[in-house]
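TrEMBL has this to say about the protein:
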TRANSMEM  B:15-35  transmembrane segment
TRANSMEM  B:42-61  transmembrane segment
TRANSMEM  B:90-110  transmembrane segment
TRANSMEM  B:131-149  transmembrane segment
TRANSMEM  B:185-211  transmembrane segment
TRANSMEM  B:232-253  transmembrane segment
TRANSMEM  B:265-291  transmembrane segment
TRANSMEM  B:312-330  transmembrane segment
C-alpha cells in the first residue's frame, strides 16, 4: 500500500503513577483503515487523545505526514489534516444541521482564523452547497434546518462524521463510532464508513465491536495494559494466541 | 515584628469573615450549580436577625421623655428590664450572641422557602438567568429591610465584658503593647468552629458524603436512586444558616445596614473563584489568603512604595492567581468551566 | 431684558414642538433658540406655579439623610405656601416672604434620587429641568454630587442651592455662579475645631490621620492638618483608606504603636461609623500615650452618624453645621414645626435644605423676578439672621455662607434618643472666615447662553 | 436563528423599522413621560452599550462582568479630547472608541485565557481595579470622585487654532460643527450612532464571523477540533464589544461633559448584564429593550413622589386615597429599586429568554403559528410595538 503517514514513537503516559501507555509504537499506512482494539482500560482513548493533542505524552512523539503533532494546539493539528469523531458526539447542539456543517466548511476554506465579519452568511453560496452535499452524503439532508440537539444518537454521530468529512482530512480518528448504537444504526454507520473508505483517507478506529472491526479494518493493533501486544491484518490478529488470551479469549 | 504579628491577626480576622461568606456560596455553587447573587443578602438578613432580636428583647414601654422640651417626645424602657431587673439587663447586654438562637431557625426557614419556592426551578436554567433572578431577589430583600429599618447603620454592641481588647502581646511574649479586641478574637474562633462543623458534616456523615458525591457528579448520584433534590434543599439551608450566623456575629464589628450584602457580594464571588469552583477547602484558603494579603498591603511601609496598592490588592491577587492557576487554588475541572 | 417675563409659549412646549418638527424637517429644535434668547429656562411667568427640584439620595448609604432632607423641603414648601405654622418664615430677618407662595405663585416641587452618584444625580437633575420644568435644583448629600450637579446647573442656567456638602472645592476650585452653599466646609471645620482642641487637649499633641481616599477626605485632611499644626501639634502620619472599606482594622492597628496620641478620622457617613466604632473596640480611647489620654477626633459629624456609631461616639469632639438643641428663635421655631410634623427633630442636612429653600424664595421676592441672574445678585452678599446660626453672610465672591460654627461632643448621657450631640462651643464667624482667593476657581458668567 | 436563504429584504425592513422607531422616540415616548432630551439620550447610549455587550455575551456566551471599565475609559478619553483638543464631538467619539478598544485588547487578551466563571471574575477584577484607581490614586487624570470636568482654562489646541476670538465667559459646550450636543440634537446624534451600531451588530449576527461565535458558545471543544483558533475570534468579539462600550461612554461625555469614576464600578457592569438578560441575550433588539426599561425605571419611577401619586389617584375618594397612596408609594419614588427587583424576578421566572421572548409569545398567540422563520419579523414587530 502507500507510505507510512502516522507515527507514534515510544509514547509513555501515566496518570499519577498509574501507567496508561508504556512505550507504544504505532505506524499507520496512508489510505488504510487501522483499528485499535483492546479490553476496557487498555489505554485506547488515551492513545487517541495523545494523537489529537488533547493529552501531552510524558515521553515520545507523534508525527503525521512529517509534522510533529505533539505539543501543538488542537486547531493546528486539525488544520494539518487530522479530524476526530468523539465517543460522545461533539456537535453544536443549539444550531441547525446546516450550520453545524457550515462551520467546518469555513474552517476548511479559510484556515484557522479569518474574520469574515463583513460578509453575509446568505451570500456564501458555495459553502452552503458544499454543506448540503455532505449532509446528503451522510443522509441527513432532509433535516438540515432542524436543531442538532433534537437528533437521535445515531444521527448525531453521522452529523459529526459529516462535520469531519467536510474538512477533507487526510487522517480521521474515530473513537468507538458505534458505541451505544442499535444494530440497525451500527450497520448504517458501517456502510457509511465503507463508502468514505473509497475516498482514500487514512482512518484510525477504536472499537469494541468486533463485527465493526472486521468489516472495516485493513490493519488491527491490539492494546492491552498500555502496550501493543499484537498487530497485523485482521485475520492474523484474530488467530494470534496472545490476543486470544488477553482479549478475545477472555471476552468470548 | 509587632506590626507583622498584629497584621497577621487582622488578616486572619478578615479572612475568617471572607471564608465564612464564601463557604456557603461555594457550597451552593458546587452542589446545586446555582450562581446565587442573593447570598450577600442572606448575610445581611443574618445581621438583621441580630437587630430584630435586639428590638424584640428591648420592646419597651413608652415613657414621656422629659429631656425634650421643644415638643412632646417619648423614651423607651425595655419590658425585660422592668420585669427581670438585672437579669434582663444582662440578656439585653448579650443580645448579639443570643440572637443566633433566632438566626438559626429563621435562616433555615428562609433557606428552605427560597430553595423550594424559587431556586429549585432554576437548576437547569442558564447561569445568566440564575444571576438575574437571584439579583432581583437580593434587591427585593434589601428594599424590604430598608423600608422597615431605614438606611442608616444600626449599631449592635458586643457584650460589655467583651467590648474591650485582649492583651494578646503578653500571650505570645511580644510585650504589653499589643492589644486586640476580644470580639474579633471570638469571631475568629467562631468562624473556625463553623468551618470545621461544615467540613465535619460533609466529611463524616453519610448525608454529607452523598452531598459531596453530588457535587462531583449529580447524575450518577441521582441514578443511584438517592433523592438528591431533597439533599439540595438541606445544603441550601445550611448555606443560608452559615451566611446568617456569620452576619449575626459580624454586627459588632460592622454596624449593619440594608446595603451590607451588596458590599460583600462581589468580594465573596472573588474569594470563591480564587479558591476554585467546587472546592470548599479552596474557598476557605482563598478567604484567609486574601484577608492576610489585604492586611499587609495596607501597611504604611507597603503603601509608601506602592501608593494605592491597598485599593486594588484583592483584585490584583485574584488576577494573578487565576492567570497562573487555571482553576484557582483548588478548583476541579469541569465545574462551571463554561 | 425687560421683556423676559413676556413669553408666549413655555420653552418646554416649544422643545416638544421642535422635536416633532425635527422629525419631519430633519431640523430639530435649535432654530428656536435665537428667537427666544431673552427667555430663561423654565420661566414660570404664564403658570400659576413655581416648581422646585429636590434632588436627594433616596437609595444608597445616605438614603436616611436624603429622606430627612426631603421632609425639610416639604415643610419649607408648606411654609412658603402659607400652610402650617410658618416655621422660620417668622424669624428670618430680613425677609420679604409672605406665606403666599413666591411672587404670588404657588410653590410645587419635583423629587429625584441622586443615589449619591454623580451620573445619577445629574440625570435626575436633568429630568427635573428638562421634563418637570423646575426653576431651581437643591439637595444632595455628598460633595462629589454637589460639584457635579452645580456645574450642570451652571450650564443649564438653573440655580443650585447645595444641600449637604463639606468639601472646600464646592465653593473653592469648583465654585459656580449658579451654585450656593449654606453648609460650612472643611476649612471652617478646622478653624473652628482648633481652639477647642487646644483648650481640651493642649498644644503638644501628635496626630495620626485616617483619611477617606477621595477629594473631600483630602481637603478635610489638609484643612485639619493645617489648623492643628498651627496650634503646635505634630502630624505623625496621614493614611488614606479606601472608601467603603468596611473593616478598618488594618489601618487602625498601626496607630496603636505609632507614638500618636490623637487619631483624626477624616471619614464621613458609613466610613466614619465603621472606623470610629472599630477604633474604640481596639481600645484606643483607653490608651495612655506620652502620658496623655489617647483621643479621637471626628472633624465632621451629624446626628444620624452619631446614631449609627452608637456608644462609640460618646465624648468624641467634632463640628457640625447645626444642631436641633440650639436655643435661638429660628432653630426653636424650625424644630418645633418639624417635630410636630414628623415626630422627630430635624438633622443638620434637613436644616440646611430648609434654609436654602427659604433663602432662594426670599431672593426671588427681593429681585421681583425669577430671572436667575437677578436672583443670584440678590443672594450674593446677602446678610441675614434668624435662621439658626446667628448672623450669616452669603459671600459674593465664592457663594459660601459664613456663620458661627458649632463644635460638638458626642453626648455621654443622652437625655433622649435624639440628644446625641452636645454643643461644646460656638466658634464665632470671624474666626472661620478666610480669604476666598486661597482656593482658586472662578464663578463664571451670570448670563448663560441656551 | 440564522436563516441562510432568507433574503436580506427582511433585514432591510428590520433596520428601517428600527431606525424609524428610534428617531420617533420623542413622539411615542411622550405619553409615557419619557420625552425629554436626557432620558432619550440615555436610552440611545445605553442601547449602544447593551447591543455591544450582546455581541460578546449573546453570541459567545462569555459573561463579562467588567464592561463598565470600557464605558468609563470611553468617557475619560472623550472628556480629555474636549479639554485638550476641541469641543467637537467627532474626535471625542473616535478617541473614546479607540482607548476603550485598546483597554479591551489588553484585558481581553489576559481574561480570555480562562472560560466560564473564571473569565467573569477576571474581567470583574480588572474593572474594579480600574474603578478603585480612578477613584483615588489616578485622580490627576480622572479627578476622582467628583469626576473629570471641563474648565475654561483647558488648552483646547484645535479650537484655539481655528478661532481667534476671545473665549466666552462660560464654559464652552460640546458641539458638532456648530450644533450644541445637549438637548434634542444630542439625542439625534446618539440615535444615528445607535442605528449604525445596530446595523453593524446585525451584520455581525448574519456573518460567518457571527456563526463562528455562536459555534464557540455552543461547543468550544468542537470548534477547536474543527481547526478553528477560537482565541482570535473571541478576542475580536471582546474588542468590538469593548469599543461599543467606549462609544457609549464617549457619548455620555458628549451629551454631558463629565466623566465620573462610578461609571466603572461593578454595579455599572452588572447593569448592562441585567439589561441584556432582561431584554433577551442573543437576540438583536432584546438588549436595547432591556436598557430602555431599566433606564425608564431609574429615571421615571424614582420621580413619583407622594405629591405625584396624590395627583394621579385624585379621582379616588379620600378614604381610599389614604390607603392607596402609601401602598403604591412603596414601589415608586424611593422604592423604585423594589419594583425593579420584582420586575427582574417576574420576567425571568415567567419569561425565560427575556422581553423578546414575551413579545414572541404574544405574537405567536395572535398568529397561532410561530416558528423559527418568524423570529426576525417578530423582532421587527417588537420594535414598532414597544
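Any Cβ shown, glycine's included, is placed from N, Cα and C.
In TrEMBL, annotation is done automatically, which means it is predicted and not curated.
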Any contact between the transmembrane segment (B:131-149) and the transmembrane segment (B:42-61), i.e. 3 or more CB pairs below 8 Å with pairs at least 6 residues apart? yes
Would you mind listing the long-range same-chain contacts of the transmembrane segment (B:15-35), meaning Cβ under 8 Å and 6+ residues beyond its ends? 42-43, 119, 122-123, 127, 130-131, 134, 187-188, 190-192, 194-195, 198, 211, 214-215, 218, 232, 235-236, 238-240, 242-243, 246, 250, 253, 264, 267-269, 271-272, 275, 277-280, 282-284, 286-292, 335-336
Distal contacts, the transmembrane segment (B:312-330) - CB-CB under 8 A, six or more residues away: 267, 270, 273-277, 279, 281-282, 285-286, 289-290, 293-294, 297-298, 337
Sequence gap of 6 or more, Cβ distance under 8 Å, 3 or more pairs: do the transmembrane segment (B:185-211) and the transmembrane segment (B:265-291) meet that? yes
Chain residues in Cβ proximity to the transmembrane segment (B:42-61) (below 8 Å; excluding those fewer than six residues from its ends, i.e. six or more beyond): 21, 24, 76-80, 82, 91-92, 95-96, 98-99, 101-103, 106-107, 110-111, 141-142, 145, 149, 154, 156, 239-240, 243-248, 250-251, 256, 258-261, 264
